[in-house]
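Read through the structure below, which is laid out as structure tokens, and then see the notes.
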Amino acid sequence: VSRDFLPRGSGIVTRRPLVLQLITAKTEYAEFLHCKGRKFTDFDEVRQEIEVETDRITGVNKGISSIPINLRIYSPHVLSLTLIDLPGITKVPVGDQPPDIEQQIRDMIMQFISRENCLILAVTPANTDLANSDALKLAKEVDPQGLRTIGVITKLDLMDEGTDAREILENKLLPLRRGYIGVVNRSQKDIDGKKDIKAALLAERKFFLSHPAYRHMADRMGTPYLQKVLNQQLTNHIRDTLPAFRSKLQSQLLSIEHEVEVYKNFRPEDPTRKTKALLQMVQQFSVDFEKRIEGSGDQVDTLELSGGAKINRIFHERFPFELVKMEFNEKELRREISYAIKNIHGIRQVLPCLFTPDMAFEAIVKKQIVKLKGPCLKSVDLVMQELINTVKKCTKKLATYPRLCEETERIVAGYIREREEKTKDQVLLLIDIQVSYINTNHEDFIGFANAQQRSSQVNKSAVGNQVIRKGWLTINNIGIMKGGSKEYWFVLTAESLSWYKDDEEKEKKYMLPLDNLKVRDVEKSFMSSKHIFALFNTEQRNVYKDYRFLELACDSQEEVDSWKASLLRAGVYPDKSSTENDENGQADNFSMDPQLERQVETIRNLVDSYMSIINKCIRDLIPKTIMHLMINNVKEFINAELLAHLYSSEDQNTLMEESAEQAQRRDEMLRMYQALKEALAIIGDISTSTVSTPAPPPVDDSWLQQARSRSPPPSPSTQRRPTLNNPPTRPLSGRGPAPAIPSPGPQSGAPPVPFRPGPLPPFPSGGEALGGPPQVPSRPTRAPPSVPR
């Protein structure tokens with residue numbers, strides 16, 4: 001950065017990760033993420049802010065934290081890079097540091113260097129043992145291929161006189177795939193003396209150019225070269241990720257292109273814009289309504305039934321079920337027939353058994369037909385409600401213009417209610433027509449002769465033993481002691497209801513015959529979210545084991561209604577509650593002598609036959625009436641008249657006032673579209689103008705594994721390089737023989753491990769290697785040049 005702003009001192013100074021973002025800019029200043037809006041131009045203040053922010057989280061007594069400090073530096077003297085300064089590994093806790101300080105710092109470091117998109121600068125001082133470097137060991141764990149690790153050797157100017165790190169910096173000894181870069185930083189004396197960083201960089205350059213061991217590679221050493229290497233690696237990484245990034249940008253561009261196409265032609269000053277938009281919106285609303293009613297392959301709702309599908313369900317499941325719910329109660333019907341027969345005879349009680357009065361039949365049939373008005377009108381209400389719901393869903397696309405949306409919904413909903421009244425009138429008219437004339441000559445009517453011989457059993461609507469429905473249901477009334485409520489796979493046929501362990505239908509749990517069964521609603525319990533219905537036997541027998549009722553539960557009321565409709569097809573009718581014991585002493589008021597009972601049975605069969613004809617007719621006519629007078633009429637109104645009603649309801653400028661949210665969204669979409677196009681253009685420029693460097697070939701870095709499993713060899717950084725004028729005389733205490741200096745070559749292995757410590761032997765004459773058997777050099781060894789006086 002060419003600025004002095006990082007805290008320095010003894011012991012552990014970096015106690016929080018520092019995320020340092022370098023950004024090339026025309027002016028030089030710094031910003032902290034925790035001090036948004038404040039620009040630091042004095043870098044002494046930056047150092048103080050780092051120290052204060054570190055102490056704020058970690059305390060002043062050497063504590064650590066993994067919460068990073070984010071610092072951005074804008075400068076014309078930096079290359080765009082992001083660096084993270086991590087704490088060095090501490091072995092012994094001091095101050096407020098926890099006992100496991102080493103493990104905590106290790107975990108913190110691993111958290112950052114494990115990311116695949118980061119480079120690892122493994123910094124090691126030149127005056128310590130490189131083979132025992134903690135930084136290199138950690139880097140090897142997360143980057144075994146060595147593609148992300150760059151070795152940085154510091155303190156080259158502090159090495160013992162007569163020693164150097166040339167073999168390491170040439171990547172011949174203890175090699176890394178990306179090699180090493182040497183740097184010379186300011187000493188503590190330089191810092192105390194306020195030595196300028198620019199002067200320090202010049203001194204570093206002078207050091208490498210003047211040092212006999214490094215002058216031949218001075219262009220590949222120093223902080224500026226490290227900057228270039230890192231920037232090149234960043235360039236390589238960007239180029240590697242460009243194809244995937246380009247694909248992502250293109251997919252984003254395609255996803256918004258259709259919407260932006262509308263906005264691109266937006267001209268606020270165009271006088272015809274609002275008229276065009278109004279026509280397009282009404283046309284779109286008409287198309288959407290048509291699709292929701294008639295069904296289409298695009299924009300299918302996969303979460304719930306809606307529009308035409310729900311209306312179809314009303315016609316063919318809900319409406320037939322409502323009709324059957326109106327089925328007459330047997331005892332009440334027979335009582336009514338007997339009263340009708342007696343009342344028709346009146347005072348003439350002579351020979352009542354000679355004939356069956358047809359007037360009693362007509363009176364009973366008309367009364368039953370009138371009862372059908374309720375289910376028919378209810379079906380009209382249900383369809384009307386679904387049409388209004390469909391209109392609301394279609395007007396969501398008009399939300400761009402709030403007033404247009406409100407007016408469209410109001411006008412169409414009002415028209416639907418108008419059609420509802422006319423449809424109800426027509427439905428009532430159909431019922432009245434059926435009441436007006438009882439056609440006993442209908443081809444399906446059994447007639448008086450056959451009525452006397454016909455059995456009173458109710459025929460099931462399902463033929464044979466065909467499967468009517470399958471699905472999951474919960475048996476709700478099994479006690480907790482017996483396992484509690486449990487879900488089973490149910491199969492309903494025309495003759496039985498069976499349930500299995502699962503939908504593979506291999507393990508049958510029970511089969512329940514449908515004879516004498518009826519269905520009734522059960523109130524939803526306070527603690528349960530499920531909707532319940534129950535099956536029971538009309539002869540007061542147990543339905544399932546010791547249970548009089550079999551309670552079955554579904555997740556929704558719609559599912560309950562659907563199962564009831566399916567049971568209805570199988571001949572299981574809903575129960576007429578509150579009539580079981582409603583005799584009130586009236587049963588004794590009429591005499592059921594054999595002759596009267598025969599007449600009641602005959603009329604009962606005639607009523608049943610005629611009502612089945614009426615039901616079939618009503619089930620066919622009511623959906624057709626609703627379709628013609630409501631649904632088709634509403635579609636025609638939307639296509640032909642809605643636009644005229646909108647023009648007459650309000651001024652066009654008021655209708656087409658755009659919402660503030662829509663204007664903001666349009667601006668954002670256009671801005672995003674433009675940004676995506678610019679990004680793709682920049683990526684194209686990067687692909688053609690930047691130069692990437694290939695990854696270096698692998699090297700033998702097995703020395704890192706060996707360093708873990710055995711005592712490390714002495715680093716060549718402490719090895720003396722003898723000169724002609726200064727033979728070595730000082731032994732290295734505590735260390736074994738110095739390793740051999742391998743001859744220059746493409747690969748060099750680790751130095752041999754000493755067997756025992758000992759003093760350094762005298763420098764041998766000739767070409768003998770130090771401390772080991774002679775090695776055949778690949779080329780004659782040359783003495784290094786002496787340091788100029």
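Placement of Cβ uses the backbone N, Cα and C atoms for every residue, glycine included.
Annotation source TrEMBL lists compositional bias 'Low complexity' at 717-727.
Among the features that TrEMBL reports, compositional bias 'Pro residues' is placed at 739-764 (among others).
The compositional bias 'Pro residues' annotation in TrEMBL covers 774-789 (among others).
Look at TrEMBL and you will find 1-243 tagged as domain 'Dynamin-type G'.
On the 0 to 100 pLDDT scale, the domain 'PH' (466-572) averages 82 in this prediction. Annotation comment: TrEMBL describes 466-572 as domain 'PH'.
Look at TrEMBL and you will find 600-691 tagged as domain 'GED'. Residues of the domain 'GED' (600-691) grouped by DSSP class, helix first, strand second and coil last, total 83 helix, 0 strand, 9 coil.
TrEMBL lists 574-594 (among others) with the feature region 'Disordered'.
Taken from TrEMBL, the feature region 'Disordered' applies to 688-789 (among others).
The residues of the domain 'PH' (466-572), classed with DSSP into helix (H, G, I), strand (E, B) and coil, number 16 helix, 49 strand, 42 coil.
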